[in-house]
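Visitor: Mind looking over this structure? Questions follow.
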Amino acid sequence: MSNLLKDFQVDAKNPSLEARQRWRSSVSIVKNRARRFRMISNLDDLAENEKKRCEIQEKIRVAFYVQKAALQFIDAGAHREYKLTDEVKQAGFHVEADELASMVRNHDTKSLTKSGGAEGIAQKVSVSLTEGVRSSEVHIREKIFGENRYAEKPARSFLMFVWEALQDVTLIILMVCAVVSIGVGVATEGFPKGMYDGTGILLSIILVVMVTAISDYKQSLQFRDLDREKKKIIIQVTRDGSRQEVSIYELVVGDVVHLSIGDQVPADGVFISGYNLEIDESSLSGESEPSHVNKEKPFLLAGTKVQNGSAKMLVTTVGMRTEWGKLMETLSEGGEDETPLQVKLNGVATIIGKIGLGFAVLTFVVLCIRFVVEKATAGTIAQWSSEDALILLDYFAIAVTIIVVAVPEGLPLAVTLSLAFAMKQLMRDRALVRHLAACETMGSSTCICTDKTGTLTTNHMVVNKVWICEGIKERREENFQLNLSEKVKNILIQAIFQNTGSEVVKDKEGKTQILGSPTERAILEFGLLLGGDVDTQRREHKILKIEPFNSDKKKMSVLTSHSGGSVRAFCKGASEIVLKMCEKVVDANGESVPLSEEKIVNISDVIEGFASEALRTLCLVYSDLDEAPSGDLPDGGYTLVAVVGIKDPVRPGVKEAVQTCQAAGITVRMVTGDNISTAKAIAKECGILTAGGVAIEGSAFRNLPPHEMRAILPKIQVMARSLPLDKHTLVNNLRKIGEVVAVTGDGTNDAPALHESDIGLAMGIAGTEVAKENADVIIMDDNFATIVNVARWGRAVYINIQKFVQFQLTVNVVALIINFVSACITGSAPLTAVQLLWVNMIMDTLGALALATEPPNEGLMKRQPIGRTESFITRAMWRNIIGQSIYQLIVLGILNFCGKQILNLNGPDSTAVLNTIIFNSFVFCQVFNEVNSREIEKINVFKGMFNSWVFVAVMTATVGFQVIIVEFLGAFASTVPLSWQHWLLCIVIGSISMILAVGLKCIPVESNRHHDGYELLPSGPSSDAA
């Protein structure tokens, strides 16, 4: 099978254009191309959209870098005069939306200066830069300046899915056959008898189309909900005088937006104030070099990313008036990238379809030849009537229906159904899957490289211990008893409140809130406990320059000026790094005294002691300068104020989740920027650092020779003091040795590692927009246990599809062979077109619903991950398919050829009764085999069955409708009512397949391996640390 599917292979992430084109061109037998490829991206549309995107980027690049004259040549009328409309005047505004859009889009500094800069624009849009927009004005601003939404393709209605289901070529042919059959039947047999056969086919087609459309429509609703979640971005604005969070869709012109590293600029706007703001404009212009935004270059465009610094901006343009809006319109078309499983099953469907087509043609030819031979034998070869035409038409309908059953259109679509169901369930479990393939790939992951803070820990940080003035103070409940002199206390409060990227604000109820990262919040809360006041500090000291926290430097610095004109630099960051920058230390009197080697050793011991207690340690330092430096802030000459130890407790359930991973053959590696002692303490507490595991610092790892790095890679369980580049290197090398790597990230600098990994997992709470954009899955609650749940569902998707494939291939084999053999021997097919359509619905849409949506069971996480090269249809599956097919063919064959004698059927309706028994037995064989398919290797197929309400509902509906067809719709379905003895016989024949399944599963076919390619592990590795 692998050789036959060699053209149907694509990478799960960033598949090549050649591979995508190759498998599309290899799909030859498709009944309904519109439905089969509905969720698959159209390469022609993608190429066209890429062309549009490049054109927009080129226009923006010109606006950025070409002189004004060239811009006017490209976009004539960009500087035209705008006349205020009455509507704008009555709303109390003094500028047109198009004028603002043109100004920012064209970087028209002359018009901005003429308008009075950001303050002047604020007056024109009637907003205060300190108070922000009033909530009561939001509606009128949306009406005048537009909503911050982008044009999207309208949602498809249910009728569109009905129409799409009707595009099936075989159904169209059958509809034509049905209409002709009604016409000929009425002419020969009269009304209404002559209508039954054709009407039965039409009713069956309507049923198939409606069930298919309902299933597809529900899928589309699930994907629409998920798509809506993907686009949710929460931003911070000043409204009604307070800082608050709003959705990007609620943003209006006049909003004052707060930007920090990793944020996406949510709309076009102008710079109000900020520090070291660097903007990555590559998403818009294609330029890789960051742009510096300040008072002289104040324009900010929607869709760009904050690479460094922080700022406040005034929103001037929203929605489709922005260039980003036009770009998003092109990106919203084209469909999803295909997943490897979808592609593989398209290949399986193509191969089986070709076989089925051959059988259908052969069946039709054999039936026609037998018919002609019988006419010749009877001497009526020259006499042809409308009844003969009706018989040939019936043969043709049977052949077409064989194609309907034989081409397993539902195989690739079942993957989409299963993924949609899994993604919806994961959304409820706080995981947002951004790319379909990620859910699939996560089931194969062999390694998870996880951050510590917020993922393994709660992210609710508090300062637990402080070293200051050569003494250690510990937090007692909600208080610290530091007993410091006033001078020392003032220096400590300055170091806390001056050097921070967070803010202390009042909410609408007047309560104090701290906005910022968990570490910053912990330190500011400590400062508030000491009696510090942020407003007083900001009034007394002016901030001249900020160097925001950087994960490469692992420190944050700020330069301030005091009322007396003196200049002071503050710095805080990783203890061992910042301590090396110090030459002095604050004593108990608040004086700076030299930092001797002995004191450095003592302080290092304190840091090590804090770290061994799983505390995150930071040094707070300052330096008085003669004048403000023109370049970067100094990297030496500082005075140490304090060492703080911040506690971040391990999340409940993390240790159990790690043990689950280890039992599932998934190695968990912790990659953190923390001190190695802190990292090891947390790793031991979580059960990550096990016997024989290695903990290494990023600097040591990156300096290893290639051969040593390869040797130590499998043993690494903890990497401390790592840079984003170290994480990228680790991921890259793990993939080279065959690992399927999932990696977590929250910062802007994590983007390369997220992109490089097999599955990028961004944090929903702590993660920046840049990290989320480069991720495949967003963990909404930042919880490691949620990551494990994604792996569990990924495995469930794979196995559910295997169950469905086993079930569908069994039906394919039996339906094809029984009709073909019967046609060759008896000259008639026991299963009519209507009956085959019903069987097709059981095995296609209903089968997919029942088997492809089963929830995961705990047994899935007690096996090794599936290998990349594992065969999808395993030996155990072939064993079950062949065994069940042989049984069904023998039973149905005996009934077909000897049934009348065995069942003692006599009378004019004996043939009809026998054919009904064959049809009923065949359907019940599939019903019981569907239950068998719930477990490919295990004998107990009932475990957890009633936990899947979809499965139970489908089984109940199938049996119920089968009774209706046999007992009440005989005129349309060519059946007759059966006695209770015959019903019992059919049920017994079907149920024997369950006994057979037990016997088949006792036949060994794969040594130490399970049906899905997983290998049982005896137990997880020891959790005892080295």
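Heads up, the Cβ atoms here are built off N, Cα and C, so glycines get one too.
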Visitor: Check each of the ranges 777-795, 910-928 against TrEMBL and return the one annotated as transmembrane segment.
Guide: 910-928
Visitor: Are the transmembrane segment (809-829) and the transmembrane segment (351-373) close enough that 3 or more Cβ pairs fall under 8 Å, when only pairs 6 or more apart in sequence count?
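Guide: Answer yes, regions in contact.
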Visitor: Ranking 169-188, 809-829, 910-928, 980-1000 by the number of C-beta pairs under 8 Å to the transmembrane segment (949-974), which range is first?
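Guide: Counting Cβ pairs under 8 Å, the winner is 910-928.
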Visitor: Using Cβ atoms and a strict cutoff of less than 8 Å, what residues sit near the transmembrane segment (910-928) while being 6 or more residues removed from its termini?
Guide: 807, 810-811, 814-815, 818, 830-831, 835, 838-839, 842-843, 884, 888, 891-892, 895-896, 899-900, 903, 955, 958-959, 962, 966, 970, 974-976, 978, 982-983, 985-987, 989-991, 993-994
Visitor: Using DSSP, tally how many residues of the domain 'Cation-transporting P-type ATPase N-terminal' (111-186) sit in helix, strand and coil.
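Guide: Taking each residue of the domain 'Cation-transporting P-type ATPase N-terminal' (111-186) in turn, the totals are 50 helix, 3 strand, 23 coil.
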Visitor: Given the model, what does the mean pLDDT over the domain 'Cation-transporting P-type ATPase N-terminal' (111-186) come out as?
Guide: 89
